[in-house]
Amino acid sequence: MPTYSKRKSRGSLEVSEKTNQPKFIKRSQSSETITSGETASELMQDEKEQSNGAVGSIEDEELQRLRENQASVEALSKKPESIDRELGVEALEIDNVVKSDEEKEDPNGASSKTVKARPLPAGSVHRVTTHMAPIPARSIGSHDTTTQRLIVVLDQACLEIYKVGKAKDAKYQLLNCDDHQGILKKLNRNIAQARPDITHQCLLTLLDSPLNKAGRLQVYIHTAKKVLIEVNPSVRIPRTFKRFSGLMVQLLHKLSIRSVNGNEKLLKVIKNPVTDYLPPNCRKATLSFDAPTVPPRKYLETLQPNQSVCIAIGAMAHGPDDFSDGWVDEKISISDYPLSASIACSKFLHSMEDFLGIV
């Protein structure tokens with residue numbers, strides 16, 4: 001029988017000298033010579049069977065792997081404690097499980113078996129201690145002389161309404177420097193005198209603070225037109241300036257804003273002066289850049305036990321700081337740098353929270 005040398009290619013077709021039939025020469029890795037005893041059709045059929053067998057073996061391996069995974073999942077579901085051991089999580093003790101392995105009767109008289117509850121991992125349990133429980137914001141009147149708190153007066157606030165439009169379609173709007181530049185120019189007013197956004201920023205900073213939620217903050221607004229407004233600690237100031245403007249227009253027209261669910265007044269216009277609403281033992285100060293600098297925490301440490309403090313902050317772009325000279329005791333500065341009204345409120349808030357231990 002003639003022999004052929006091994007080729008590098010996978011195989012080739014050659015014509016037999018005896019039968020003149022094409023024969024497929026297949027390369028073998030185990031021998032150096034290849035016999036030509038098989039025809040091309042037989043070899044191609046063998047290759048097809050081998051490929052089908054390889055595919056079948058791969059499918060069998062995949063099925064076997066899926067069966068093993070399913071069996072392991074079923075085993076873990078039957079024994080949940082094994083999952084805790086694998087994750088390294090210690091099971092919590094549950095004392096209020098009632099008859100976990102016994103039968104329990106329901107009110108209708110039927111008996112049913114209780115399902116044993118699986119304890120939660122330790123990391124997913126959030127324990128709330130007593131001091132972390134939120135205290136509802138409450139209004140503290142001037143008659144309360146024992147509760148120590150911070151009183152903030154936003155003085156010279158730019159809250160002024162103006163009738164805009166023609167006679168029939170005229171509407172009242174909150175005067176601001178962005179939308180009413182023509183009106184301000186007509187009234188010969190400075191643009192800095194129409195900045196209600198400063199009051200908006202200060203109210204958001206004050207009323208969102210933990211000090212207010214703990215019931216240790218009281219806020220008053222004294223406008224440039226000598227209108228005094230009392231702010232309820234439970235009020236939620238609108239986040240957008242457009243909605244805040246509409247709320248202020250309604251307040252200055254109706255003189256009060258009531259809550260939807262009750263008769264409680266969230267914002268109301270009260271009579272001057274602001275000192276009528278301060279506790280008798282209150283210490284009063286104004287923030288001024290020209291005054292001696294003292295850190296807010298050190299200033300609070302000079303207070304007497306149960307003594308409240310009232311801080312007057314100018315809610316304006318710029319101007320003199322003599323707006324509260326008639327009723328304050330002193331002027332202080334809390335920074336070596338000029339601060340905005342919102343930042344000044346924030347610094348005093350944080351210092352008062354640290355001083356009272358409010359987290």
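Glycine is no exception: its Cβ is also placed from the backbone N, Cα and C atoms.
Listed in Swiss-Prot:
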type: REGION; residues: 1-62; note: region 'Disordered'
type: COMPBIAS; residues: 1-10; note: compositional bias 'Basic residues'
type: MOD_RES; residues: SER12; note: phosphoserine
type: COMPBIAS; residues: 18-39; note: compositional bias 'Polar residues'
type: MOD_RES; residues: THR33; note: phosphothreonine
type: REGION; residues: 98-118; note: region 'Disordered'
type: MOD_RES; residues: SER100; note: phosphoserine
type: SITE; residues: ASP197; note: site 'Stabilizes Arg-195'
type: BINDING; residues: LEU287, GLY314, GLY319, PRO320, ASP321, ILE334, SER335, ASP336, TYR337, PRO338, LEU339; note: S-adenosyl-L-methionine binding site
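Long-range Cβ contacts of ASP321 (S-adenosyl-L-methionine binding site) within its own chain (separation 6+, distance under 8 Å): THR286, LEU287, SER288, PHE289, ASP290, GLY314, LYS331.
In the structure shown, the C-beta of LEU287 has more C-beta neighbours within 10 angstroms than that of any other entry among the binding-site residues LEU287, LEU339. Using a 10 Å Cβ-Cβ cutoff, TYR337 (S-adenosyl-L-methionine binding site) registers 8 neighbours. Minimal Cβ crowding within 10 Å, among the recorded positions ASP197, GLY319, is found at GLY319. On the backbone, the CA of GLY319 (S-adenosyl-L-methionine binding site) and the CA of ASP197 (site 'Stabilizes Arg-195') stand 16 Å apart.
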